[in-house]
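A.B. asks: Would you mind keeping the following structure in view while I ask a few things?
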């Protein structure tokens, strides 16, 4: 028995079955809804695969639960928009850029003052005095900073709607998006990673809401609820070469990104870095005793995961070609990704990618299915009880998906905690 | 019929066996003391008796009834009290509340038992409204023992009751144990302070590597030169 | 002096209202944490669920509170509390207990509670839609204007009916909780289990009963908080996402596992929130004549705009996590 186990392990039976199911599901959707729709779905699925890989690194490799994927994703989406949308002449032709520039210089200056005041205890000032001085100075300077920015922001909104983009290649935006998300992740990680894992959940949930609030409300930066579109694609768009060809090109690009990330992760997993990460996860105490700086490693993983979420968010937003801050929803952009990762097998990269595809196909198809079921219910209800259905039945049918996703999460945890493709943990016996 | 009889007990955590055939037997009015070097399985044996780890072989009998692998909460109902070595009080509860929790299963008996426990440990009566976590080490140990006594146990298990205490408190605790025993409670305790413990013991069990090395009366063990040399520090 | 009345209306009363809601929610979270050792993220949705139950019963028997002279939602509240308490026990048995029995890490329970969050939201949205509704059906929300008999004050102190009820409920709940925890056998057992679960087990404490009581209290208080929030503002399924952060901030500020800390934390977060969105120039403007010409009081001196209210609890949370992760009343877990 035992002698056979390694050979069985090497045959990717499970992987093949799961991949087969995914392929069949995709072919089914293409046959039902047409090729253009199918390719669109696959592009989105690859974007979700990037996001899910980011999630699985944090959760599967290091046990960090990120409940604010939405926030990092939105940062990526913002960067994709801000770098690729053409320059806004109505903004650049006024003196507003100069004013804004000066306001930023002032802000930096104020921050330096605050940092300076927070260090005066080195000059022999008692620590209590320093703390209060820092708080008061920070408070005053914050209010001054605000009074500089508010008029400029409203002037921009009045005269130019928003500052517009930088007109660069969209891929620059993807990279900067990853960077932005990584920086946000760094600060959250610095605060929370030394503490109980629950705190990270709360903090990420909070930062996601805040990022969204900023994007909805700072109209001068994001055009807020008015949305920005179209965002140019990194590949020739549908206007130039037709829907199917353009989407296929986009798919090639995102698939290459997924492949690159996957290969990078597989390499890192086998490299000393990956071994260290696994040893930290599997046995924190002994890893600490071996002198590895656990918190630093954990921060690396968290930031890396956030970077991937930023890139995935950029790719996803870029594809939809519209930046709508209000369109980032916890259900679609946090919990769906959580389901993908835990269903695919936390810490298993291939499983996560397949999980992303499988869940996304189900998600896309659940919309017409839910509507159909609802219609059947209404029809039967009408026939049997002369039941008068409430008005907005379609939107309610879609809400049932919220319930289904929630149920799916609890069921996976209870009955398949390792997911479809468990990460193979090598046990020393 | 002995109060407690454990014969050839094997057991441990996970796959690892720590106990490799331990025998313990004490009568109704006796004090039994388990001593031995670190890692000999002393505390593990106490936990095995109190149903806190899986006993794979052998039997444990309380007043003629097998209690092998019985849940601790059931054992409390059958008249057994257990005082763990660490974390043996509820620090944010008052002293009196700690004691009340001991008799959780018999709320009607609380007032009478409180009186009795306060008689054993007069300092606790004075401090009954204080948070147990604020007390000194010796007084906490009294709270822990008092809590276990609240169910009127016929057998009291103590895991190193004098660990970390000053000599003054150590003697105090040993005296209390003797008094509790005189009131009709059988006592089985694990101790590092082997000499003092054996001095009040009716029976002594010297464990090494999960097995009985010596089993005799306390006095006999104290006077045995070999035991003295290897286990009592000369 | 009207400015002062403005301050009372916008800070003192609003802060007390928000603080009461947060405190009632935070008590539940902190109790669940101290007994079962996980952060219960579905708590805000238990609040919405409770409010939703009140809505259903009020819609079924509109105006029935008039006979007793109280708003109908208040009359229906005890029923909603009972239903939410039963729901809480049901959720535990169906989703949390099986995982606990398997001995999973607390973070897995957190994910499960996120799943439960979605399920509750889905149910509420399926039945009630996503629009916002008023709990006052065919009734009027009483608004009391208390004239202040002082010279120079022309504006009244304004307080609404649900706000008064909320403050009364919060006080009653806190007092009742205090007596339950310090006087009753089960309440003491609850504190004991939160202190030292292993010792509670070997003392023969019925830990299952303690777990059940914890859910009953948490569920009932969540129903009260959710109903009051819905009466004060409106009933909206997505309300829960916004309330989650303040109540967790309140729990952590107060020290996780400390019921009294949760109360203090709730009011702290509530008042800091209202103080932050309050426009301070209203209080400073009367002082303008005393100030030198060059120094003009700006028109808007609010710390953050109301659209960024959510930043305040987050900021408090971050400050606490950096400087004192155990909270003001030393919490049990970091």
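Every residue gets a Cβ built from N, Cα and C, even glycine.
TrEMBL annotations: computationally assigned, not manually curated.
Straight out of TrEMBL:
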TRANSMEM  A:16-35  transmembrane segment
TRANSMEM  A:41-62  transmembrane segment
TRANSMEM  A:69-87  transmembrane segment
TRANSMEM  A:99-117  transmembrane segment
TRANSMEM  A:129-145  transmembrane segment
TRANSMEM  A:171-188  transmembrane segment
TRANSMEM  A:200-221  transmembrane segment
TRANSMEM  A:241-265  transmembrane segment
TRANSMEM  A:301-323  transmembrane segment
TRANSMEM  A:335-362  transmembrane segment
TRANSMEM  A:369-387  transmembrane segment
TRANSMEM  A:399-416  transmembrane segment
A.B. asks: Are there residues at least six beyond either end of the transmembrane segment (A:171-188) with Cβ under 8 Å to its Cβ atoms? List them, or say none.
C.D. replies: 71-73, 75-84, 200, 203-204, 207, 211, 234, 299, 302-311, 313-315, 318
A.B. asks: Please give the sequence-distant neighbours of the transmembrane segment (A:241-265): residues at least 6 beyond its ends with Cβ less than 8 Å from one of its Cβ atoms.
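C.D. replies: Contacts with the transmembrane segment (A:241-265): 35-36, 39-40, 42-43, 46-47, 49-50, 53, 57, 233-235, 308, 311, 315, 319, 349-350, 353.
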A.B. asks: Might you confirm whether the transmembrane segment (A:16-35) is in contact with the transmembrane segment (A:301-323), defined here as three or more C-beta pairs under 8 A between residues 6 or more apart in sequence?
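C.D. replies: Taking Cβ pairs at least 6 residues apart, the transmembrane segment (A:16-35) and the transmembrane segment (A:301-323) are not in contact, as fewer than 3 fall under 8 Å.
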A.B. asks: State the non-local partners of the transmembrane segment (A:99-117) in its own chain: residues 6+ outside its ends, Cβ under 8 Å from one of its Cβ atoms.
C.D. replies: 130, 133-134, 137-138, 141-142, 144-145, 148-149, 152, 155-156, 163
A.B. asks: Cβ under 8 Å to the transmembrane segment (A:399-416), counting only same-chain residues 6 or more beyond its ends: which ones?
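C.D. replies: Sequence-remote neighbours of the transmembrane segment (A:399-416) are 331, 335-336, 338-339, 342-343, 363, 366-367, 370, 374.
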